[in-house]
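These come from Swiss-Prot:
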- C113, C118, C143, C146: Zn(2+) binding site (BINDING)
Amino acid sequence: MMSSKVQERDLIVSKIKDGIVIDHIPAGRALIVLRVLKLKGGEGRVALVMNADSRRLGRKDIVKIEGKELSNDELNLVSLIAPTATINIIRDYSVIKKFQVKLPETVKGVVKCRNPKCITNQPREDAVPTFRVLHLDQPILQCQYCGTYLTIDDINAQLTGER
């Protein structure tokens, strides 16, 4: 067991009373997580730690959001950006629930197919972009309609508005 001095030394950001901690985000992706959750800082206290040491990942990012709970849709977005993420639900400064995000089997209406000829990109069609999730560690999505693949870079770019 660690001494309290070691624990205090390792505590980079103060504890939050109520909210969530998104831990084990791959290094460099915390800002993307904030963007897809549409958090700008005015919602309450948001703490961000980037490139922290991690036994599991080598380096990781951490996001703490006070007064926030994630919907299932938001959890799915986080899982696309950070499939290794762990969610900690905090109440009265204690972790009451902890779980790893899980990629859904299909992703519907979140990202667009990058194939311009796909039926989902045709203005006269009412097809909603739907993808099968193929790889769980580094998500690769396959369009249900045309078979085009989206990589993690494609997903990140679309979710952050960079494409």
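One-based numbering along the chain as shown.
Cβ coordinates come from backbone N, Cα and C, glycine included.
One residue stands out among the binding-site residues C143, C146 for having the most other Cβ atoms within 10 Å of its Cβ: C143.
Those residues of the chain, other than C113, C118, C143, C146, with a C-beta within 8 angstroms of the mean position of the Zn(2+) site C-beta atoms are R114, N115, K117, I119, T120, N121, P129, Q144, Y145, G147, T148.
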